[in-house]
Amino acid sequence: MSGPSGVGKGTVCANLRHRMPELIYSVSATTRHPRQGEINGINYFFKSREQFQDMIANDALLEWAEYVGNYYGTPRDFVDRTLASGKDIILEIEVQGALKVKQKFPEGVFIFLMPPSLEELRQRITGRGTENADVIDHRMSVAVEEMNLLRHYDYAVVNDEIDAACHRIQSIITAEHCQAKRILADMPQLPAASEKA
Ligand SMILES: Nc1nc2c(ncn2[C@@H]2O[C@H](COP(=O)(O)OP(=O)(O)O)[C@@H](O)[C@H]2O)c(=O)[nH]1
Ligand SMILES: Nc1ncnc2c1ncn2[C@@H]1O[C@H](COP(=O)(O)OP(=O)(O)O)[C@@H](O)[C@H]1O
């Protein structure tokens, strides 16, 4: 899942945790400083630039990107282990990273969370009170670039109202699980049997 800063990704994911407790969430590494209330290992793994560069050098990241002056990346091991256990994992990452994940996992489901308007987006980032005015301006200009990449995503969900947006995402995930090709992929014998019939 991607979406501009302040659109409500964190809020939506927190709500989805209650609706779909079976989903697993990837915890990213970042060089950004923790916001008030953020906990290392829960919200992010907070790293120095040197530590982050070591993770890159050790190929410990599935993808990484620089966003508004900081590095963000997805630890590879946790994603691999979760997928190997047959569970679904949500990555809440920005667009450059999502495009890299799409190259590696084209079967992934790519959802872009949209704001109802740019004015509302600015109000949400400002209202959150976690970034200064310069950073908000920078994030708003990146937001427009991010929305220009919407065509690479499978779904666009407008976060007008939290419950409605979460319901749409839940419907997308449920529908994806019901895709015949996914069900057939888990039943390798079935296509051959039906072809003979
Ligand atoms: N590529 C990439 N982006 C990430 C990762 N983790 C978080 N991000 C993105 O980095 C951007 C900034 O995140 P953050 O500083 O927490 O700000 P927020 O989106 O306003 O809460 C957001 O678009 C996140 O989705 C990651 O592991 N990889
Ligand atoms: N649907 C919504 N309507 C109104 N405010 C929202 C909505 N979704 C999120 N918010 C608020 O917008 C701000 C940014 O949300 P947040 O989840 O931190 O965004 P993100 O993780 O995308 O940066 C928060 O103050 C949050 O309470």
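Yeah, the Cβs are placed from backbone N, Cα and C, and that goes for glycine too.
Under the DSSP three-state reduction, G10 (ATP binding site) is assigned to helix. Residues or ranges marked as ATP binding site in TrEMBL: G3, P4, S5, G6, V7, G8, K9, G10.
Per TrEMBL, the feature domain 'Guanylate kinase-like' maps to 1-174.
Within 10 Å of the C-beta of K9 (ATP binding site) there are 20 other C-beta atoms, taking all protein chains into account.
For G10 (ATP binding site), the same-chain residues lying six or more positions away in sequence with a CB closer than 8 A to its CB are E92. Selection of the binding-site residues G3, P4, S5, V7, G8 by a Cβ distance under 6 Å from ligand 1 yields, in sequence order, S5.
The 6 Å Cβ screen around ligand 2 retains V7, G10 from the binding-site residues P4, V7, G10, ordered by sequence position. Within its own chain, G8 (ATP binding site) has L113, P115, R124, N159, I162, A165 as residues 6 or more apart in sequence whose C-beta sits under 8 angstroms from its own.
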